[in-house]
Amino acid sequence: ADDLTTLRNGTLDRGITPDCTFNEKDIELHVYSRDKRNGIILKKEILKNYDLFQKSQISHQIAILIHGFLSTGNNENFDAMAKALIEIDNFLVISVDWKKGACNAFASTNDVLGYSQAVGNTRHVGKYVADFTKLLVEQYKVPMSNIRLIGHSLGAHTSGFAGKEVQRLKLGKYKEIIGLDPAGPSFLTSKCPDRLCETDAEYVQAIHTSAILGVYYNVGSVDFYVNYGKSQPGCSEPSCSHTKAVKYLTECIKRECCLIGTPWKSYFSTPKPISQCKRDTCVCVGLNAQSYPAKGSFYVPVDKDAPYCHNEGIKL
């Protein structure tokens with residue numbers, strides 16, 4: 001789970017602050033492909049001549065997944081997303097496991113004292129991802145236009161830091177960053193240099209699902225406010241709503257339905273009815289969002305159960 005709930009409730013355990021010190025050597029990469037469906041774990045030092053990154057394999061679209069606070073690179077929701085990406089679109093999926101820096105060892109105690117440490121670690125992990133991207137581009141000749149980052153919670157901001165760093169390294173921009181309910185605590189007043197921002201990739205898509213644990217302002221080219229972005233159907237805990245962003249995207253990848261975003265100017269305005277949606281005004285959440293011309297804020301109605309469709313049969 002990626003659970004910041006007690007941080008907001010102020011019920012901090014005043015025990016010993018956990019040690020979530022970042023060390024690049026602790027990072028593992030879980031790599032999934034059609035012939036490695038259950039994933040294999042790699043360390044950075046063997047990446048330079050790893051046969052999985054042959055030309056045939058590396059020519060595919062690549063998705064780099066980045067988890068959040070208290071989580072791991074092979075958490076069940078990311079595992080389901082990785083499998084959907086390889087099954088449906090034959091992606092090469094690389095999930096960045098920075099669990100020590102994300103305080104996963106303390107997840108069972110729901111200890112949030114390490115949160116500020118984890119926040120600080122996001123920049124280091126972002127740099128790691130950018131350096132790994134440099135290897136893909138320079139050694140394996142992967143075009144930047146083939147690489148997208150998908151980050152949940154703190155992982156969304158980490159993706160933003162990676163996006164800034166690859167530009168600093170003169171590699172260009174990632175094709176896309178998808179921020180899944182980007183973390184709110186410690187980022188509530190942050191400006192672009194210190195969080196995920198629409199300039200961090202060619203296209204930045206944000207899916208907002210919890211106003212308590214996520215940011216409640218626009219960060220992307222498109223910002224989807226699912227069920228108004230406050231909380232999600234069927235969820236009583238903020239952590240459930242926070243995690244729903246991952247599940248929604250996985251269903252969108254499976255293409256069983258289009259979660260339609262309809263223009264929504266501000267919290268005090270009424271969104272345009274889905275029935276009035278056209279391809280040039282509304283946007284489908286997911287990997288093809290970039291193919292729609294509209295930008296800005298969108299309200300997304302959803303059902304309680306997967307595949308969460310609530311689009312009145314409208315086809316965009």
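Including glycine, each Cβ sits where the backbone N, Cα and C put it.
According to Swiss-Prot:
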- 1-4: signal peptide (SIGNAL)
- Cys20-Cys103: disulfide bond (DISULFID)
- Ser153: active site, nucleophile (ACT_SITE)
- Asp181: active site, charge relay system (ACT_SITE)
- Cys192-Cys197: disulfide bond (DISULFID)
- Cys235-Cys240: disulfide bond (DISULFID)
- His242: active site, charge relay system (ACT_SITE)
- Cys257-Cys284: disulfide bond (DISULFID)
- Cys258-Cys309: disulfide bond (DISULFID)
- Cys277-Cys282: disulfide bond (DISULFID)
Local Cβ density at Cys309 (disulfide bond) - other Cβ atoms counted within 10 Å: 17
Cβ neighbours of Cys282 (disulfide bond) where a neighbour is any other Cβ within 10 Å: 22
Separation of alpha carbons, Cys277 (disulfide bond) and Cys284 (disulfide bond) (Å): 11
Nearest-integer angstrom distance between the alpha carbons (Cα) of Cys258 (disulfide bond) and the residue listed as 'active site, nucleophile': 23
Rounded Cα-Cα span from Cys257 (disulfide bond) to Cys309 (disulfide bond), Å: 6
For Cys284 (disulfide bond), the three-state class that DSSP assigns: strand
Top Cα neighbour of Cys20 (disulfide bond) in the set of recorded positions Asp181, Cys192, Cys197, Cys235, Cys277: Asp181
Nearest of the active-site residues (Ser153, Asp181, His242) to Cys282 (disulfide bond), judged by Cα-Cα distance: Asp181
Position of peak Cβ density within 10 Å, selected from the disulfide-bonded residues Cys197, Cys240: Cys197
Among Cys20, Cys103, Ser153, Cys258, the one of these recorded positions whose Cβ has the fewest neighbouring Cβ atoms within 10 Å: Cys258
